[in-house]
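This report refers to the structure that appears directly beneath it.
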Amino acid sequence: MAAIEAVNAREILDSRGNPTVEVEVLLEDGTFTRAAVPSGASTGAFEAYELRDGDAGRYLGKGVQKAVAAVVDEIGPAIQDLDAADQRIIDATMIELDGTENKSRLGANALLGVSLAVAKAAADSAELPLYRYLGGPNAHTLPVPMLNVINGGSHADTNVDIQEFMLLPVGASTFSEGLRWGVETYHALKSLLKKKGLSTGLGDEGGFAPNLDSNRAALDLLMEAIDAAGFTAGKQIALGLDVASSEFYSDGAYTFEGQKVDAAHLTAYFADLVASYPLITIEDPLDEDDWAGYDHFTAELGAKVQIVGDDLFVTNPKRLADGITRGVANSILVKVNQIGTLTETLDAVSLAQRSGYTTVLSHRSGETEDTTIADLAVAVDAGQIKTGAPARSERVAKYNQLLRIEQDLGAAAVYAGRSAFPRFQA
């Protein structure tokens with residue numbers, strides 16, 4: 001029994017200079033932990049509600065003092081004296097206290113900060129690393145890092161439509177080797193961009209943000225960088241995309257590469273990319289409400305490539321269940337702040353894995369130095385993690401935590417590699 005003695009919160013800054021919530025939890029046995037909440041740029045319409053102050057005269061309306069007050073004045077007293085190990089009870093207490101479907105009264109950012117800080121405190125009190133506390137003795141698989149090395153869309157002020165172009169070191173034998181491959185290719189890409197007179201400025205997630213002639217041009221750059229770094233595209237390093245189509249969808253049409261197109265056009269476009277490049281995962285290829293489009297996209301490409309639902313599923317077990325029933329997509333992106341509590345996140349992961357959907361743990365574009373998602377990826381055997389380029393300390397912090405976990409596991413550590421992508425043919 002390690003009862004919660006005190007809960008505190010404050011407003012801190014995320015990696016984009018916007019306020020976010022940090023929560024501290026003190027247990028009666030003296031255990032003290034803190035957790036910080038991330039924030040997205042391209043957000044799904046069905047995500048849990050991020051409570052902002054709306055005061056234009058302070059942080060341009062993006063302050064989170066209301067969420068901080070919710071933690072200190074309401075949530076803290078409601079969970080005081082509860083056992084920190086009773087995560088499900090604590091999360092359910094907060095959800096009931098909020099009383100809304102999307103956590104809009106207290107704010108998902110308030111609930112999540114408490115939920116994560118409590119889990120960390122319970123793990124520390126039990127003298128276990130977080131990945132072991134959450135995942136048990138079978139938590140030993142390190143995820144494939146999906147390194148977002150070219151940023152476009154909402155993550156960069158450029159003319160590139162697709163939001164993320166990723167390197168996936170699937171052929172490595174260990175996580176540390178895979179990360180090294182990705183880092184070396186990242187630096188090769190920087191040299192290439194300089195040589196071609198293109199910008200090496202960074203986007204929100206640490207990737208380069210050059211203006212390019214087309215989305216294909218970005219993929220061509222990645223292929224060239226992989227070769228320049230001494231690796232084999234497809235066999236050692238594969239490619240992935242986060243299209244974030246909802247960002248360029250309006251009034252029933254997609255504005256893509258300067259044209260108004262429909263879902264059938266995009267499906268054919270991505271089918272051509274899959275045939276032309278070692279492209280093994282595509283996230284959010286269509287709008288979050290384009291269910292008919294997803295029916296067609298999945299029928300055409302579902303057997304060939306991982307189709308990841310981010311805005312489509314928003315880490316919500318109910319939306320995921322709808323998708324599973326319809327048979328759309330075959331993977332879920334897992335972002336803890338989309339649903340607002342650790343328990344609901346774990347429920348979404350469990351449902352996905354039971355249903356044969358792969359799982360991808362993910363950061364947000366507005367991040368902090370908090371490394372919880374690294375432990376969570378190992379705890380739930382996600383097999384894949386998205387946490388940006390190997391640049392900017394808020395991104396690298398997660399990779400460094402995974403390196404620590406790999407070392408901690410020693411000979412028991414297993415790298416997911418190709419096995420994380422059951423549709424990958426190479």
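Sequential numbering from 1, following the chain as shown.
Note: Cβ is positioned from N, Cα and C throughout, glycine not excepted.
Worth saying up front: this structure is predicted, and the values here are computed from it rather than measured.
Among Asp213, Asp310, Asp311, the residue that Swiss-Prot places alongside Asp242, Glu283 at the Mg(2+) binding site is Asp310. Annotated (2R)-2-phosphoglycerate-binding residues in Swiss-Prot are Lys335, Arg364, Ser365, Lys386, and among Gln87, Gln163, Gln236 the one listed with them is Gln163. Nearest by CA distance to Glu205 (active site, proton donor), out of the recorded positions Asp242, Glu283, Lys335, Ser365, Lys386, is Ser365.
Distances between the Cα of Lys335 (active site, proton acceptor) and those of the binding-site residues Gln163, Asp242, Glu283, Arg364, Lys386 are shortest for Arg364. Ser365 ((2R)-2-phosphoglycerate binding site) sits 13 Å from Asp242 (Mg(2+) binding site), taking the CA atoms of both as reference points. Looking at Lys386 ((2R)-2-phosphoglycerate binding site) and Asp310 (Mg(2+) binding site), their Cα atoms lie 12 Å from each other. Counted within 10 Å of its Cβ, the other Cβ atoms near Glu205 (active site, proton donor) come to 30, all protein chains included.
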